[in-house]
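Student: Pulled the feature table from TrEMBL, pasting it below:
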- 19-424: domain 'Major facilitator superfamily (MFS) profile' (DOMAIN)
- 17-37: transmembrane segment (TRANSMEM)
- 57-77: transmembrane segment (TRANSMEM)
- 84-101: transmembrane segment (TRANSMEM)
- 107-128: transmembrane segment (TRANSMEM)
- 149-168: transmembrane segment (TRANSMEM)
- 180-204: transmembrane segment (TRANSMEM)
- 240-259: transmembrane segment (TRANSMEM)
- 279-299: transmembrane segment (TRANSMEM)
- 311-327: transmembrane segment (TRANSMEM)
- 333-351: transmembrane segment (TRANSMEM)
- 372-388: transmembrane segment (TRANSMEM)
- 400-419: transmembrane segment (TRANSMEM)
């Protein structure tokens with residue numbers, strides 16, 4: 001009887017794909033709002049009459065706000081569950097989008113900052129969720145793929161953020177015309193964000209009727225009293241392999257954040273007047289990265305070679321960054337498209353790898369905590385690299401700025417070699433299958 005009961009209680013819910021799709025959609029909308037200024041930074045510099053550094057801060061505000069608020073929100077996720085976090089994230093995202101509609105005059109830059117800060121708050125409720133949604137709703141054979149799809153939404157949003165603003169907001173002289181073009185973008189965003197919030201209220205459930213995997217069933221059967229949030233964080237910070245992964249993940253993703261934020265400035269510097277193509281290059285980085293992320297997610301589910309895959313992808317990110325650095329100034333836009341695509345394939349392909357490797361190294365700790373620490377690391381390095389590269393670019397040119405990123409990617413590659421593949425989640429699933 002015991003065996004039959006155990007198999008009966010593990011069951012997949014049809015709703016899981018709707019939940020995943022909805023999460024990906026409002027994550028997309030939030031990521032779009034992150035980069036919608038940066039991808040046409042030269043135009044917003046002129047419209048609000050502020051420095052390029054001020055516009056960079058609109059992007060960095062997302063990174064900055066995440067750092068202090070991650071832990072309270074992750075605690076909420078553990079105490080209150082997925083639905084409340086989903087509602088908060090999609091609501092704040094919509095409110096931020098509406099506030100931006102109040103900033104359509106050149107002297108109203110502070111209002112745009114306020115709107116961006118509210119969207120940055122929404123992001124705190126979004127970034128740590130992919131691995132949690134994957135493990136609460138999906139079976140053990142599809143968990144990495146589900147995690148990749150959830151991370152995808154965010155990537156697609158960044159892609160849209162590179163593609164759409166340069167097309168909607170042409171670099172026209174007249175400030176009133178410019179305000180009109182900007183208002184179209186802000187209205188569209190607010191409409192989409194509001195619709196998604198309403199859908200979350202209707203569709204998003206806390207968890208499926210039955211646990212989707214053995215690992216999840218055993219977590220749900222544990223009493224919750226013994227679980228303390230601070231102790232969980234401290235246990236993670238004493239895990240040497242996880243610490244190494246946290247730093248290497250931060251270096252890789254921090255480079256990606258800096259590159260995304262400064263891309264418009266870099267390309268316009270070498271190819272004046274090419275705003276739309278600068279956006280398309282950003283799009284190329286993201287789209288090829290999504291292919292990379294999907295391939296690496298499927299590859300992990302098939303082979304479970306976490307460390308080897310992570311190392312290979314890291315080395316290739318470094319190679320891609322070096323090639324991009326030395327081809328940016330050649331004067332051929334098509335070359336930049338090719339090298340940026342190569343770079344994106346590996347750099348963005350690394351995102352789900354980091355999350356999944358972390359979940360392996362830290363089982364049975366909450367995935368929200370491990371992915372949260374990875375994200376904090378990425379935000380800290382992202383701010384440092386964006387400011388550092390921005391300053392170096394202003395004083396010594398783009399090549400020097402990109403060489404800074406290359407050297408840190410090299411450091412990350414060397415550190416990855418020293419991570420031991422201590423796969424605790426695999427071990428748990430194996431032991432469960434044997435009993």
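Glycine is treated like the rest: Cβ placed from N, Cα and C.
Show me how these features fit into the shown structure, please.
Tutor: Away from its own ends, the transmembrane segment (84-101) comes close to residues 22-23, 26, 29-30, 33, 73, 76-77, 111-112, 114-123, 125-126, 129, 183, 186-187, 189-190, 193-194, 196-197, 200-201, 204 of its chain (Cβ-Cβ under 8 Å, at least six residues beyond either end).
Tertiary neighbourhood of the transmembrane segment (107-128): same-chain residues 26-27, 30, 33-34, 37, 48, 50, 54, 58, 61-62, 64-66, 69-70, 73-74, 77, 85-86, 88-93, 95-100, 154, 368, 371-372, 375, selected by CB-CB distance under 8 Å and a gap of 6+ residues from either end.
Here the transmembrane segment (372-388) has long-range neighbours at 56, 59-60, 62-64, 66-67, 70-71, 74, 127-128, 233, 236-237, 242, 245-247, 249-251, 253-258, 261-262, 354-355, 358, 401, 404-405, 408, meaning same-chain residues at least 6 beyond its ends whose C-beta is under 8 angstroms from one of its own.
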Student: Tell me whether the transmembrane segment (279-299) sits in contact with the transmembrane segment (57-77), defined here as at least 3 Cβ pairs under 8 Å among residues 6 or more apart in sequence.
Tutor: no
Student: Give the nonlocal contacts of the transmembrane segment (333-351) in its own chain as ranges (CB under 8 Å, at least six residues past its ends).
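Tutor: For the transmembrane segment (333-351), the sequence-distant neighbours (Cβ-Cβ under 8 Å, at least 6 residues beyond its ends) are 151, 155, 249, 252-253, 255-256, 259, 267, 271, 274, 277, 280-282, 284-293, 295-296, 310, 313-314, 316-317, 319-321, 323-324, 327.
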Student: Look over the recorded stretches 17-37, 180-204, 240-259, 400-419 and say which has the most C-beta pairs under 8 A to the transmembrane segment (311-327).
Tutor: 400-419
Student: Do the transmembrane segment (180-204) and the transmembrane segment (17-37) share at least 3 Cβ pairs closer than 8 Å, excluding pairs fewer than 6 residues apart in sequence?
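Tutor: Contact criterion met.
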Student: Of the listed stretches (17-37, 57-77, 400-419), which one yields the highest count of Cβ-Cβ distances below 8 Å with the transmembrane segment (149-168)?
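Tutor: When the Cβ pairs under 8 Å are tallied, 17-37 comes out ahead.
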